[in-house]
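**Q** My structure is below; once you've seen it, I'll send some questions.
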Amino acid sequence: MQVSSLNEVKIYSLSCGKSLPEWLSDRKKRALQKKDVDVRRRIELIQDFEMPTVCTTIKVSKDGQYILATGTYKPRVRCYDTYQLSLKFERCLDSEVVTFETLSDDYSKIVFLHNDRYIEFHSQSGFYYKTRIPKFGRDFSYHYPSCDLYFVGASSEVYRLNLEQGRYLNPLQTDAAENNVCDINSVHGLFATGTIEGRVECWDPRTRGRVGLLDCALSSVTADSEINSLPTISALKFNGALTMAVGTSTGQVLLYDLRSDKPLLVKDHQYGLPIKSVHFQDSLDLILSADSRIIKMWNKNSGKIFTSLEPEHDINDVCLYPNSGMLLTANETPKMGIYYIPVLGPAPRWCSFLDNLTEELEENPESTVYDDYKFVTKKDLENLGLTHLIGSPFLRAYMHGFFMDIRLYHKVKLMVNPFAYEEYRKDKIRQKIEETRAQRVQLKKLPKVNKELALKLIEEEEEKQRSTWKKKVKSLPNILTDDRFKVMFENPDFQVDEESEEFRLLNPLVSKISEKRKKKLRLLEQQELREQEEEEEPEGKPSDAESSESSDDEKDWVEEVRKQRRLLQQEEKVKRQERLREDRQTVLKPQFYEIKAGEEFRSFKDSATRQKLLNKTLEDRLKLEAKNGTLSVADTTVGSKQLTFTLKRSEQQKKQQEAEKLHRQERKTLRRSAGHLKSRPRRGRPFH
C-alpha cells in the first residue's frame, strides 16, 4: 500500500504493488510471498480487479454491492461482488463500450452504448436485446418517470427510446451540429445536453421544448487562461435542484446556478486537457473533477484546492463510491485504481477493516511515496547534465523543481563525481581525529576573525568562574560556543573596524584595555608558532593571563570622550582642506557631444518650451494646436464634438523616406542589370 499526502490529506493507494499472473499455482504464489517483500505487503482488496489490457468505464450499482467495469481487449464487462470481494461474472461483447448505465438497483438491468451505433440490453441471465440508432452515440441518460432513454451523439438530434412501449419517439431537435454529453436532474427531471459549440441546452421532457441556453465557451475564457481553440462541453453533472457543473475540452470546470446564466465559479486545471468526469461530495462541499492526468478536489464555494491525486497512467473514468471515502478509477492500464481518502468519509462496510489499518499506519508512520524520490531544481539538473530529461517520465514537475528516482540520482551523481565517496571517507576520518584531539589538554586557540573580542569574552568567562557569586547567578550561554554567533568569528565581513567614528565614540577607553590584550595576543601567536615548529602538541596548558584592571571613574571617561571628539573634528577639518586643494588644482575642460547621423540639432530651449506646454491646461494646449494646424474641432449632427489630429513629419522621417526611395531605385537597377547578364549567351569551351 502506497501513501501520499498533499495539503495534509493522506491518500492510500490500495491497487499498487505487483500483480501475480493467473496461471501460477497456489504453491508458487505462496513461495513468491515468502521471497518477495513487495508481494507480501500488497493489499488485494478485490480479487482479479483488473482488465486484460485497458479499462474504459467503471460504475457502482445503486445498492453499492456490485462494481461494474468495461474494458478491452477483447471488449467485455466484468461485475465484482463486494460482499464476496471477488469476480461475480464476465461477459464478452461484440464491440467496445462507449458508456453504460444500470437501470435497476443491482446488475439485473444494464444498458450498453457501443461505438458501432448499437444499443445492447442485458438482464440478470445475460444478453437480452439489441437495437441501433441512426448516428454514432456518445452519451445517454435515463428518465425514470417516463421510461425514456435519451441518446446524444454525432447529430443535432436527441434520440428518444421508450422502454415501456418498446419504440422510438420523435427526437428533440437542437441548434448544435453535434452533442457530446447529457444528464437528467433527478429532482425536477430537467434534461441538459452539452454541444460541440460550447453551449448547454436545457429541455423539459414534459413539453419537449427547450427552456434555456447557456454559452459556457464564452464564460470559460478568463483573463489568466490561454485558449487556442473553441471550448466544447466534455462533462456535465447536476447536483440538487439548482446546481450544475460543466467541464470543457480546454480544462475548465464551470459551476452554475440554474437561475443565472453567469457561472458562480470557474476552476482551471492548468493542463489544457478535456475534463473526463465531474462528481459532487456533499459532506465537505467538494467537487471532484478529473482529466486524463489528474483528479482535483476543490471547495465549490471558494474554489480553494483541497487535495489532488495524480496516478501513474492516464485516467479514463472516475467513480466515487457513495457515502464513503473510496475512489475508483479506470486507467490506461490493466489494473483499476482503488484509493481510500479517510478525510472524505469512512470506508465502505464491506471493507471496514481499512479504518483500523489506516489508524495503525498513522500511529506508526512509514515511508511515504516521496521517500523514494529526490527533489532537484533546474540548476541541479544542469550540474548533473540531465536537462534533456525535462518533459520525460523520468522527471515529474513539482513546484520550482522536479522529482526524480533516488536510484537514478545516485547513479548519475556517481558518474559525474566518481571521487565523491573518497572525499566523504576523508571527511569522516578528519572528524574522528578532531574528536580524539578534543579530549586532550589543548592550548587556547583564538579564531581568525575578531581575535580581541574573543579574548575579551574568554577573560570575562574566566572571571565569572572565579567569582564567588557563581552559584547564585544563572549561567548565560557563551557567544563563542553558540552556533548562532559562529559566523561572527569566521566571516571577515564581521570584523570590528576600530578606526570608525562610531567605535571610537562608543568605546573611548578601548585603546587602554586593548593594549594588554594585544600583548596577550602576541604571546599566544608566538606559542602557536612554536607548536607548529615542534610538530607535536604539548601536554600542558599556558599560564593564565593577568586579570584585567578595573575601569577608570566617570570623570576620566568623560574626558576621554571629549578628547576623541576633538580628534575626530581635527581629522574632518584636514580632509575638508585636502578636498578644497584638489578642487582648486583641477581644471575644467569643455565636453563635446556627437550628434547621430540624420538628426538635427535643436536648441536647449525646446525642453523648456515643452515643459511649459505640459504645465498648461488641456484647453490651452488644444487652442495652441488648433492655431498651429495640427488639430481641428468640428460639431457633429448629434451635438457632440469631433477632434481630428494631424501628425507633423519630422526632418528625420523625411530623410529616412528619401533614403528608402533611393534604396528601392538602386535595387531595381541591379535587377535589370542582372537580367541582362543572364539573357546574354555564354562564350568559351564546353566543359567535359
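Note: Cβ is positioned from N, Cα and C throughout, glycine not excepted.
Per TrEMBL, the features are:
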type	residues	note
COMPBIAS	546-557	compositional bias 'Acidic residues'
COMPBIAS	648-663	compositional bias 'Basic and acidic residues'
COMPBIAS	664-688	compositional bias 'Basic residues'
DOMAIN	1-364	domain 'Nucleolar protein 10-like N-terminal'
DOMAIN	369-417	domain 'Nucleolar protein 10-like second'
DOMAIN	482-508	domain 'NUC153'
REGION	528-558	region 'Disordered'
REGION	646-688	region 'Disordered'
**Q** Across the domain 'Nucleolar protein 10-like second' (369-417), what are the DSSP residue counts per state (helix, strand, coil)?
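**A** Residue counts in helix, strand and coil order: 25 helix, 13 strand, 11 coil.
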**Q** Looking only at the domain 'Nucleolar protein 10-like N-terminal' (1-364), what is the model's average confidence as pLDDT?
**A** 88
**Q** When secondary structure is assigned with DSSP, how many helix, strand and coil residues does the domain 'NUC153' (482-508) contain?
**A** 16 helix, 0 strand, 11 coil
